[in-house]
Amino acid sequence: MTAAPPHADQRAGEGGRRHGRDLREFARGGAIGLVSSVIAAASGFLLTVVVARTLGPAEAGVFFVVVALFTIVAEIAELGADTGLVRTTARLRALGRGDELRRLMAVAHLPVVVVGVLCSVGAYLAAPWVADRFIDPAQAGTAVTLLRIAAPFLGLMALTRVALGGTRGLGSVTAYSLINNVLLPGTRPLLVGLVFVFGMGAAGVMVAWTAPVAASFIAAALVLWRMMSRAGHDPDGGPLPATVPRGSPGREFWAFSGPRGLAAAVEIALVWANVPLVAMLVSSEEAGVYATANRFVSTGTLVLQAARIAIAPQVAAMLARDERDRAGHLNSLATRWVVLASWPIYLVLACFGPFLLAMFGEGFTGGAVALAVLAGAMLIALSAGNVQTVLLMGGKSSWSLGNKAVALAVNIGLTLLLVPPFGIAGAAAAWAVAMLIDTVAAALQVRYLLGLRLDVRRVAVTGLWALVWFGLTGVALRALFGTSALVFAGYAVVACAGYAATLWRLRHSLGGAEFLGAVRNRGARDDAGAGPGARQGESA
């Protein structure tokens, strides 16, 4: 029997240590991101309930149209610099070019300041025109007021996102999670609740929604400034040799961020564009119902967001060093956990939509069909995991732009075609088709053009058990007994207990034991030691 060569054992040991380090970083970042995303999702859900109860369907519809437009314009004002900083900062550190980070931060932020100011001024001046195009005449005056309240905060929102992109690239999942997922969304329902108590109306609700943006900007700027004083190290334990070729960080940054800025604007338009379109084609009240159903769908992406927060800098650094197998393995693990934790949420939404929407008031139950369509599309989209993030961290922002441009065109065309005869169910179907086009295109590009394997079989096995316990059980109970509170409570108990027992039984084959062990031992290090990026993430 021939002994394995010493260098083979060394490579195997090094691979095992890298895998352990990757898993610990993902587990730590994913756990922090998940907890904060749960807080953000709960806050967003509570905000939707309070707004719907405070304003009613018609004024709530106006509010959500303004929020949709605000979100789209703020995303445009970011110019793609938020994602650009995540990728380029992690890449520069991985390639031993940490001395270029200060210049990079200036290059990234200054154009956003200029564009943010222009967007704020333009939005304030264009408020009457926007209200005339998208809002019922009876609600146009309210819309103008809300638009002008929100306008000054557009530039601050864009700068907050860009600064938080810098903190993520520097290794701090904690800073991003606390500011973006706790401080910003967490204070909004509290302030809107005060508006409800004092009866301050739609204008008060808009002030309560926008005011936390200023606090978030101050916090993000302070954290980024503090982290930059400690920046300049390679996250895997020291700079690479000086033979690594150098280029202009500004040119490299904007070559990626320019197309990403356009893609991000298209992406956010995919999420929100149907709200003003429904308002224009049907009514503000129906737009409010659709926005509420869409809010449920956004709430369900909390695990996907947590995984994205955790893996983006890791994948960027791995691809910079051409470690494609390592990046593919990490993405596969993250995808299985996204499916494992997210599919139950969307199956509940699809099966018991009427009961859940009734919590917002009787006027919102008409969105149950739209909610089921949206939830069904998300089941398929989540099966691909964070392919969008992998595509971007691989530097392919132009590919992402092409995918999303096609998807947005399909969405708008189908919305205009389907909403007049089918109402908000048609809007949901249009969005579902567009989402699937975008996801499938990105998945194929990651697999065949970037060369990262997607473990479809293991993902399908992971989702099967969620489908059994939350899908088939929900359909059976609803068909037999309806969607009352008592039936929903029984369904939740049976499905959660059965699913938990199944996951525990299969914890080793699904990677659960490995993941939980990494979370419990998140402070441990392998023989090579944890890199500076990981330490910064904890200290921030």
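Glycine is no exception: its Cβ is also placed from the backbone N, Cα and C atoms.
What you see is a predicted model, and the numbers here were worked out from it, not measured in a lab.
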Could you check which of 304-324, 430-450 is flagged in TrEMBL as transmembrane segment?
430-450
Go through the chain and flag residues at least 6 beyond the ends of the transmembrane segment (333-357) whose CB is under 8 A from any CB in it; none is fine as an answer.
23, 26, 30, 34, 292-293, 296-297, 299-304, 307, 310-311, 364-365, 367-369, 371-372, 374-376, 378-379, 382-386, 454-455, 458-459, 462-463, 466-467, 469-471, 474-475, 477-478, 483-485, 488, 491-492, 495-496, 499, 503, 510-512, 515
Do any residues of this chain, six or more beyond the ends of the transmembrane segment (462-481), have a C-beta under 8 angstroms from a C-beta of it, and if so which?
336, 339-340, 343-344, 347-348, 350-352, 379, 383, 487, 490-491, 494-495, 498-499, 502-503, 506, 510
